[in-house]
Amino acid sequence: MGRFLLVTLSLLVGAFSLNEANSCCCPQDWLPKNGFCYKVFNDHKNWNDAEMFCRKFKPGCHLASIHSNADSADLAEYASDYLKSDGNVWIGLNDPRKQRTWVWSDRSSTNYLAWNQGEPNNSKNIEYCVHLWALTGYLKWNDTPCKALYSFICQCRF
């Protein structure tokens, strides 16, 4: 009986420790994924203001970068659930030098792209920032003027 209680108690302590480890990293109402925390904000901002808003949380926070189909699908589902397909969503991809060289605001590698068909097209030579397109269920990207006002997704490590 004593051994059974000791094993049971050890399992309970371990379970609580694991639960705390999983919930300690992201604030409530942020989505944990691959060591990052993500949050959709429905405040409509231009790309630069959205990036600055994300950076204010703590050093290393930026607009979200996406590096795989799985990440894209998870963030698309999260944005769809939160926004109900109501408007486009800024991500951290942009062309700061206006040379059609796309970079993430967190300086991570540009190893995955999910452009909508015919994009990026730099319509009227003023499209240097990227959003998740609501019309595609947030799965595809579009280049658009950075001054457009959209919701946005921040990415942080807490």
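Any Cβ shown, glycine's included, is placed from N, Cα and C.
The structure displayed is predicted, hence computed values, not measured ones.
In the three-state DSSP classification, Asn142 (Ca(2+) binding site) falls within a strand. Sequence-distant neighbours of Asn142 (Ca(2+) binding site) (same chain, 6+ apart, CB under 8 A from its CB) are Asn88, Trp115, Asn116, Glu119, Pro120, Val130, His131, Trp133. The feature Ca(2+) binding site is assigned by Swiss-Prot to Glu127, Asn142, Asp143, with similarity to another entry given as support.
Taken from Swiss-Prot, the feature disulfide bond applies to Cys26-Cys37 (among others), supported by sequence analysis. Mapped onto three states, the DSSP output places Cys37 (disulfide bond) in strand. Same-chain residues at least 6 positions away in sequence with a Cβ under 8 Å from that of Cys37 (disulfide bond) are, in sequence order, Cys25, Cys26, Pro27, Trp30, Leu31, Gln155, Cys156, Arg157, Phe158.
Cβ neighbours of Cys154 (disulfide bond) (same chain, under 8 Å, six or more residues apart in sequence): Tyr38, Lys39, Phe41, Phe53, Cys54, Phe57, Cys61, His62, Leu63, Ala64. Look at Cys154 (disulfide bond): DSSP puts it in a strand. Annotation comment: Swiss-Prot describes Cys54-Cys154 (among others) as disulfide bond.
Under the DSSP three-state reduction, Cys129 (disulfide bond) is assigned to strand. Cβ environment of Cys129 (disulfide bond): Trp47, Trp90, Leu93, Asn94, Asp95, Asp143, Thr144, Pro145, Cys146, Ala148 lie under 8 Å away, each six or more residues apart in the same chain. The disulfide bond feature in Swiss-Prot is assigned to Cys129-Cys146 (among others); the stated evidence is sequence analysis.
Annotation source Swiss-Prot lists domain 'C-type lectin' at 33-155, citing sequence analysis.
As annotated by Swiss-Prot, N-linked glycosylation site applies to Asn121, with the evidence given as sequence analysis. DSSP classifies Asn121 (N-linked glycosylation site) as coil under the three-state reduction. For Asn121 (N-linked glycosylation site), the same-chain residues that are 6 or more apart in sequence and have a Cβ closer than 8 Å to its Cβ are Glu127, Asp143.
Among the features that Swiss-Prot reports, signal peptide is placed at 1-23.
Of the listed binding-site residues, namely Glu127, Asp143, the sparsest Cβ surroundings within 10 Å are found at Glu127. Under the three-state DSSP scheme, Cys26 (disulfide bond) falls in the coil class.
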